[in-house]
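Colleague: Feature list, courtesy of TrEMBL:
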- A:2-56: domain 'HTH lacI-type' (DOMAIN)
- A:3-32: domain 'HTH cro/C1-type' (DOMAIN)
Protein chains: 2
Amino acid sequence: MVTLAEVAQHAGVSASTVSYVLSGKRSISANTRQRVERSIRELGYHPNAGARALASSKSNIIALMVPLRTDMYVPVMMEIAIAVATSARAHGYDVLLLTGEEGPDAVRRVAGSGIADGMILMDVELDDERLPLLRETDQPSVLIGLPADTSGLTCVDLDFRATGALCVEHLAKQGHQDIAVIGEAPAVYERHTGFAERTLEGLRSRSRELGVRLLHRPCEGGYDAMAVTLARILDERPGTSGLIVQNESAVEPLLALLRQQGRAVPEDVSVVAICPDQVAMQASVRLTSVAIPAQEMGRHAVDHLVAKLDGRGSDEVVLIAPELTVRGSTGPAPSRS
Amino acid sequence: MVTLAEVAQHAGVSASTVSYVLSGKRSISANTRQRVERSIRELGYHPNAGARALASSKSNIIALMVPLRTDMYVPVMMEIAIAVATSARAHGYDVLLLTGEEGPDAVRRVAGSGIADGMILMDVELDDERLPLLRETDQPSVLIGLPADTSGLTCVDLDFRATGALCVEHLAKQGHQDIAVIGEAPAVYERHTGFAERTLEGLRSRSRELGVRLLHRPCEGGYDAMAVTLARILDERPGTSGLIVQNESAVEPLLALLRQQGRAVPEDVSVVAICPDQVAMQASVRLTSVAIPAQEMGRHAVDHLVAKLDGRGSDEVVLIAPELTVRGSTGPAPSRS
DNA sequence: GTGAAAGCGCTAACAG
DNA sequence: CTGTTAGCGCTTTCAC
């Protein structure tokens, strides 16, 4: 292993000079800098992470806590995680992957051991048990998701309230009067995951404002569950002409069922999905959808965390504005017979 | 921040004693141990990761390199990643998440900086550019996936050759004579990803042995691509009665298309999938399938890496035996007309 | 613009 | 069974 001291010797300078060349924290003559850089290259020097962390009290690591559960749409989580890792690298940080398994203890461990300079929490619940700890420690952090009480916290999320409103608006504008929402799995609501409830709020309040009728049914996802849910919806509200789906694993089954029942999309029934663009575009019908901007969320989270670590940055809630893309799955409501 | 020295003082012992209580590397009197443990608890002490890494030359971190691409089935990657993180914690290791973005440089950086004690590489290609570096450095590593040349490497993977063979066998045993394979996206084959080619080998050699006809077509996934692929297959081999799918995003579209064309599963056509159990069970038809044992792969990779780090463990290739689960999508071949 | 030297908090001989 | 001590490799005053 090649050390800073060896580089210094090879370049004929002192250790501190090499250190300063690396950090750029004081001016170095062009000549010296070049000699040092050359030595670094020739010897294949890499600063030792542990030593650096010890001396500087900075690990250049960001901890990312992902949920252990898999009842949420996994590709979105993965996309966020990868976006976080990629953005972090761009800022010179590595990412430590923590699973939800340790729960709140992970927060204690990370903060206590100084293994990471800050942390990003995904899949935050409305009343998340990790938050009290987070507020106690001075560990800078950013949440992806919105808890009930955001005081003293920095949060990044899609504006799900606006998302719900946007979906209803789009359908109402096309004349749909009876709209049904196929939601996430019941467990998601029971856990009081913020995004699911906020979407629902947006859906409800906007439909009240616009005077359209709204029915919401959670759905486990998969073909069988979707079949039951759809049957129940059409039974209760036979006039339903607009569907909003917020559960990726229900999308394709829903389309298959509608096809099977001879209901044409969008002639008989319009479908709006809340899902990643990829899902909307790969489905058997090009879906009008509001995208989940996974990459953007990951990137924002890192940017804000890095800002905090640099002493800039403040506690704030960043809600990303939803965007609805019209594709082939929505159209005018069929005339009432 | 509370340090080891403070704990020592609080407990009235020396620093080394505290260290040894923590590591268990020498015997401590019950009395002393209790006093120390009490102080640790009362002060809320957590060993500093950087200092520990520096002094012991061990970071207790495992680097996990995941691919940046998303043309592979992401949930499997995620499941493996989570299994790795979870197993690693069980061994006292944390996991550093590296994206493929840095490519081979990441190997250099990790090995050079000592930030991780070892690394796990996912999505290894047959002729992976990271492998030469890996062989040069003394960085212990485990690959998930199988490169062309495994000499000097430890690899963990599903036995995809046996998987292909197993699928063909199952269908042949039921009397199917014309079998078609709906494969991964063309890009996957072009990249020479090991698993795709090995599956194909298994499929081909076993069908040769069993005297059944086999047609292989890559497929991008999604509804449209699947429609084209299926049409082409049925055009070339109208008698095809057995389908093998190795592309999760083609599964549901395939089933929808078959339904739409009035081909009953499994009466008219049998379908075997190579996919995670969850996909096989959530599909609109319960699919006979060979599971991708993501968790097991992650766990194995960690176990082997930890063994290496402990000085046990050797270079070897671990192929996990495939298991075919019969569900509702396969049955006897229809009698030839 | 550069060097010397004092730690950062912990581990692991070495010494009793 | 326990204490003393010398680093691990780097950052950062302080001094010139």
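Positions of Cβ are set from backbone N, Cα and C atoms, glycine also.
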Colleague: What same-chain residues lie close to the domain 'HTH cro/C1-type' (A:3-32): Cβ under 8 Å, and 6 or more beyond its ends?
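Modeller: Contacts with the domain 'HTH cro/C1-type' (A:3-32): 38-40, 42-43, 45, 47-48.
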Colleague: Summarise the model's confidence over the domain 'HTH lacI-type' (A:2-56) as a mean pLDDT value.
Modeller: 97
Colleague: Just give the helix, strand and coil counts over the domain 'HTH cro/C1-type' (A:3-32), going by DSSP.
Modeller: 20 helix, 0 strand, 10 coil
